[in-house]
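Sharing a structure below in C-alpha cells format, with a few things to ask.
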Amino acid sequence: MRQAGTGTGGAAVAVVVPVAVPLLLLLLLARSPPAAAGDSQKSDARLVSEQFSQAPQKLAFYSWYGSARLFHFRVPPDTVLLRWLLQVSRGSGPTCTNVEITVYFRYGAPPVINPLGTSFPDNTSVQPSFFLKMLHSNASINISHPAPGDWFVAAHLPPSSHKIEVKGFVPTCAYIFQPDMLVVRVVEVSILEPDVPLPQTLLSHPSYLKVFVPEYTQELRLELQGCASNGSLGCPVRLTVGSATLPGNFQKVLTCSGPTQACHLLLPSPPWDRWLQVTAKSLAGPRVSVAFSAVAALTACRPWSVNFQHLLQSSPNQSSNASTGLLPPTPSYQDLDRTGRVGGGSFCLRSFPVLREDVDVVSVRFQPLDRVSVLVQSDMPSVMRLNLNTGMDSGGSLTISMRVNKTAIANTSVVACVTAASPLLSFNASLSCTTAFFQGHPLSLSASSPTANLIIPYPETDNWYLSLQLMCPERPEECEQALVLVETTLNLVPCLNDCGPYGQCLLLRRHGYLYAGCSCKAGWRGWSCTDNSTAQTAAQQKAAALLLTLSNLVFLAPIAISVHRSLLVEASVYAYTMFFSTPGEAVLCILNYDTLQYCDFLGSGVSIWVTVLCMARLKAALKYVLFLLGALVFAMSLQLDRRAAWNTMGPCLFAIVVMVTMWVYRCGRRRHCYPPSWQRWVFYLLPGISMAAVAITIYTSMMTSDNYYYTHSIWHMLLAGSAAFLLPPREQHTKPWACSQKLTCHYEICKNHRDELYTVT
C-alpha cells in the first residue's frame, strides 16, 4: 500500500500497514488510551473509546462522481485520536483479482476528486484531496486531534474500461468496502477562560485544554507564564492549537524550549463561535515535572453593521433609496468620525446583513438585505456572512460573482477574500488571504478587470465570509475619501449551469445526506461537463443519431412481411420498436432519454417474444393470450432492472421452449420433420438464426461507449433482419394482403374451411 495526496503537517496523519481488522480492534480497545497529565504508570480515566460503523457498499469502476461510494461520519467534540479501519472483501470467482482501490478523506464536505484528470470550469478553486491507494484487503489511518463535525470517506475502483456489459450475462466480481471509525475522546477538559491564568503541571503525558472564541474576535493570544521545569528556568513545552482537517491542516504549534519563562502565540482571525482545542505536551524527560500557567487573551472586534430596526421600519421607498448605495442614517452611524471610532472604541469591519433564501434542495440564494451593491472603503473591510452550516449545504457548489463600474476604480482596486469560520480582517499588500486556520480564496477587481468569479465545489459546512476592501497601491491618499459600490451575486447551486447542454445534474443520496453530481454525455467530461477533449462534434452527434435512427428503417421489412401475411399484432410490435429505439447517450432525443431507453428495451424484448411464438404456430386465442402476458411480464421485469440479462432472456427462452415443444409435437404427429420443406430451413430459418446469434453476440460482448453507435445500429439491423427471415409463411387459406379485404363494408362470400360450405352474409 502507498500513500498519496496532500500532506497534513507534522504527525497528524499516519497510515498504518494493513493488518487484520479484528486485531486492530483488539489493539485499540485493549491498549491504554493516550495518557494526559498525571502519573505515567496509570492510565488516564478521562479518556474513553467509541466505535462507529456504517453498512458496507459495493464499489464500482469510476466513470463519474456517482461511481464513488460515499460514507458520512460525525466526529464527536473533544476527540484526541481518530482511527479509520478500512476493510475490503471480494468474491471468490475467477474474475476476482487484486484491484487498486482509491480512498479519499475530507473534513466538512465530500472530497472533490478527479481520477480521470479532466479539467474543471474556469475560476474553480479546487484543493487537492487527501487519499490513499489500497493494494491489500485491509488498512487503517490515524488522525491526531481531528476537527469535530462532519467527515467524509469516498472510495472507488480504477477508471472503467467503457465496455457496456450486460448485467447477469458476463461474470463479474464484487468488491465490498466498509470503513469503521474508532475515536478516543476526552470527557474532562480544562476550560481556559479569557485573561484568567490556568495553572498546569505536566509529567510525561499531555494536558488537554480548550478556549471558546466568541463571534467578532479579531485576535487570540495564547501565552505560557511562569514556566519552570523541576524548579529551574526554561519551558520545555510544545503547545498545539487547533484541530486537524483534511486535505489541509493549519494547526499552529508553539514550542517553548528557550530559557525564558514566557512564550506566546498570536492567532489573527481565529474561528468564531466555537471551542478551540489546545494540547500541551512536555518536552522534558519522562520523570521531569513542568509547571506553567496558560493565559488566553481575546481582542474584540466591533462591527459597524446595518441596523435591523431601521430595515424593519423603513418603507419600500426608503429601501429603494437605500439600495442606491447610501448608508442609512441610523443612530449607530451618527457618532462615527473619520477615524472609525465611536464612544472610545474602534470598528474593525463593516458588516452587511445577508438574506438567505432557500430555493430548492442544495439550492440557496444570498443577497444583501436593503441594497443591491455592497459599499467598500479603504478604512476597514466590508464583510458578508454566508450561512452554509445547516449540514445539507456542502453537497453543492458555491458560486460568487462580483462586478464594479470601471470608472469608479480608475486608480484603485478592490481586493476580496472568501474564507470559512472567520473573515479576513487585515488586508496587506501580499494578499495572502489566510486566517488563523484557513487558506482563503483571493479575488480582485480593477479597471482592467471589473468582474471576478469564483466557484467552490462542495464547500465545507461552516459560516463563510466574503471580505472586501479598497486599496490604492500607487496613491494611498486617494483611498481615504473613496467609496466604491460592488455588485455581488452569491448562490449555492447543485450543479454549475445545470451541467450544461451535454450533462445531466443528478441528486445523489447517502442515507439522509444529499449531494449532486454531473453525468456527462456525447463524449464530454469533467466536473461540470465542460471538458471537450474527447467530445463529439455536432456533425458526429448528428451522424450518430441518424445512424441509429435510419438503421431502424430495416424494421420496415418485417412490418411489410407481417402485413402481407395478415400478422397485424406482430407488425404493430415491430413498428413500436422501430419508433422508440433510442439514439444512445446522444443529445438529440425526441423524448426524455430514460423514457426512450425503457421503450427501446421493451420493444426489443417483445419483438423477440412475438416472433418466436408466431413461429410456434399456436392457435389464435392461445397465441394472443401469450402475446399479452409476455408484454406485461416484460414491462414488469424491465421496471425492476432493465439492464439485467435474464429479465429479457428468461421470457425469450420460455418462448423458445414453447416453439420447440410445438415443433417436436408436430414432428411426432406427422412422422416428418417440421417445418417439412428443406427450402424453409436453408433459405429462411438458418439465415434468421445466424443473424440472431450474431446480434446476441454483439449485444453482450462487443459494445463499448466508443463504438456504441455502430454496434447498436448493427444490432438493430440484425434483429429486424432475423425477424423478417423467421416469420412463418402465411396460412394456406389466407390470401396475401387479406387484411385489406376485411375492411370493406359490402356483402362477402365467406368460406367455411372445415365443411367447405358457402353462405351469404
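Glycine is treated like the rest: Cβ placed from N, Cα and C.
Straight from TrEMBL, here's the annotation block:
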type     : residues      : note
SIGNAL   : 1-37          : signal peptide
DOMAIN   : 491-530       : domain 'EGF-like'
DISULFID : CYS495-CYS505 : disulfide bond
DISULFID : CYS520-CYS529 : disulfide bond
TRANSMEM : 543-561       : transmembrane segment
TRANSMEM : 621-638       : transmembrane segment
TRANSMEM : 644-665       : transmembrane segment
TRANSMEM : 681-702       : transmembrane segment
TRANSMEM : 708-727       : transmembrane segment
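Distances, neighbours, how buried they are, the whole picture for these features please.
Per-class residue totals from DSSP over the domain 'EGF-like' (491-530), listed helix then strand then coil: 4 helix, 20 strand, 16 coil.
In the shown protein chains, 28 other C-beta atoms lie within 10 A of the C-beta of CYS529 (disulfide bond).
Tertiary neighbourhood of the transmembrane segment (621-638): same-chain residues 569, 598, 601-602, 605-606, 609-610, 613-614, 644, 647-648, 650-651, 655, 658, selected by CB-CB distance under 8 Å and a gap of 6+ residues from either end.
If one looks beyond the transmembrane segment (644-665) by at least 6 residues along the same chain, the residues whose Cβ comes under 8 Å of a Cβ in the stretch are 166-169, 601, 604-605, 608-609, 612-613, 615-618, 626, 630, 633-634, 637-638, 674-675, 700.
Tertiary neighbourhood of the transmembrane segment (681-702): same-chain residues 166, 169-170, 645, 675, 711, 714-715, 718-719, 721-726, selected by CB-CB distance under 8 Å and a gap of 6+ residues from either end.
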If one measures from the C-alpha of CYS505 (disulfide bond) to the C-alpha of CYS520 (disulfide bond), what distance in angstrom results, rounded to a whole number?
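The separation of the Cα atoms works out to 9 Å.
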Which has the fewest other CB atoms in a 10 Å radius around its CB: CYS495, CYS505, CYS520, the listed disulfide-bonded residues?
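Ranked by other Cβ atoms within 10 Å, the disulfide-bonded residues CYS495, CYS505, CYS520 bottom out at CYS505.
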On the 0 to 100 scale, where does the mean pLDDT of the domain 'EGF-like' (491-530) fall?
91
Would you mind reading off the Cα separation of CYS529 (disulfide bond) from CYS495 (disulfide bond), to the nearest angstrom?
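Cα-Cα, rounded: 10 Å.
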What's the CA-CA gap between CYS520 (disulfide bond) and CYS495 (disulfide bond) in angstrom, rounded?
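On Cα coordinates alone, these residues lie 12 Å apart.
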